[in-house]
Amino acid sequence: MEGIILKGIGGFYYVKTEERVYECKARGKFRNKKLTPMVGDRVIITPNDNNYGAIEEICTRDNYLIRPQVANISQAFIVFALKNPDVNLDLLNKFLIQCELKNIKSIVCFNKIDLYGDYENHEAVKMVSDAGYDYIFLKAKEETNLDELKSKLKGNINVFCGPSGVGKSTILNKLVGKEVMETGIISERLKRGKHTTRHSELVEVNNGFVVDTPGFSTLDLKFDSKEELKDYFREFYEYKDQCKFNGCLHHKEPKCGVKDAVNNEEINKDRYEFYVKTLEEIIQGGRNKW
């Protein structure tokens, strides 16, 4: 029987199948393979009586996060406030690249729109739009456009990420309920209080799942080579065939289709300048971690 792990704690994993949620233990073979089940894992279980079972197989993961430990994230909502705090464009780009690196669809949430007058013309909105990413305007405390956000959850395992103070917790509270955020769905069954250590879990919302703790707590990005970086800037794709050199880094090479597109305002200048700065950091540092 196939299911998805909603929560794991103390060696017990709570697996949702089409029928119900089973409390499962993992077979010893996983310990021998040094493989630990994670929230979000698709698994094969053998159910026993009284809603208990055993995890027999962990299906191949599409991706996984270290903090929080969650597998198979399919969509990330990158939350930034337009004011208090102001948008850090470099940090926003780092979140976008992190998602590209892990093959996670990105949707940018611009929160606190009431604090910024002409919010639709904010430079961050223009940059995200020019790069071809979806975005939503929010006033989370008053639930403005929250229904639009909810409609995008369906069929996905969703994580919310972004810097401190932008309203991630407010959004999560509105989506999954403050009580769930504080104690967790299954915590009540385990008689665990709200002041014990938090473990991430999946909460079902609008036929999708939401990770109940913010994701991407670290942004250490590792690349196999400096040539890899350009692959995570989606707006470069349609211009790379116009470059003279096959291995063009879109940096100092002559006759570069990407640089021409920047000069013609077909590629956002802020995005390109961030790319160049990051590429130079990788090259000058003699490393592929940034």
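For all residues, glycine too, the Cβ spot is worked out from N, Cα and C.
Features reported for this protein in Swiss-Prot:
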- N111, K112, I113, D114, G162, P163, S164, G165, V166, G167, K168, S169, T170: GTP binding site (BINDING)
- C243, C248, H250, C256: Zn(2+) binding site (BINDING)
- 62-219: domain 'CP-type G' (DOMAIN)
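Here the features listed in Swiss-Prot are painted onto the structure.
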residue : record              : DSSP (3 states)
N111    : GTP binding site    : strand
G162    : GTP binding site    : coil
K168    : GTP binding site    : helix
C243    : Zn(2+) binding site : coil
C248    : Zn(2+) binding site : coil
C256    : Zn(2+) binding site : coil
Integer Å distance between the CA atoms belonging to V166 (GTP binding site) and C256 (Zn(2+) binding site): 38
Integer mean pLDDT for the domain 'CP-type G' (62-219): 88
Integer Cα-Cα distance in angstrom, V166 (GTP binding site) to C248 (Zn(2+) binding site): 37
Whole-number Å value for how far C243 (Zn(2+) binding site) lies from I113 (GTP binding site) (Cα to Cα): 40
In the chain carrying H250 (Zn(2+) binding site), residues 6 or more apart in sequence that have Cβ under 8 angstroms from it: K230, F236, K240, C243, C256, V258, K259, Y272, Y275
Cβ contacts of K168 (GTP binding site) (under 8 Å, same chain, 6 or more positions away): V79, F160, C161, G162, P214
Among N111, K112, I113, D114, G162, P163, S164, G165, V166, G167, K168, S169, T170, the record's GTP binders - longest CA distance, Å: 19
For the binding-site residues V166, C248, C256, the one whose C-beta sees the most other C-beta atoms within 10 angstroms: V166
Among N111, S164, T170 [binding-site residues], residue with fewest other Cβ within 10 Å: S164
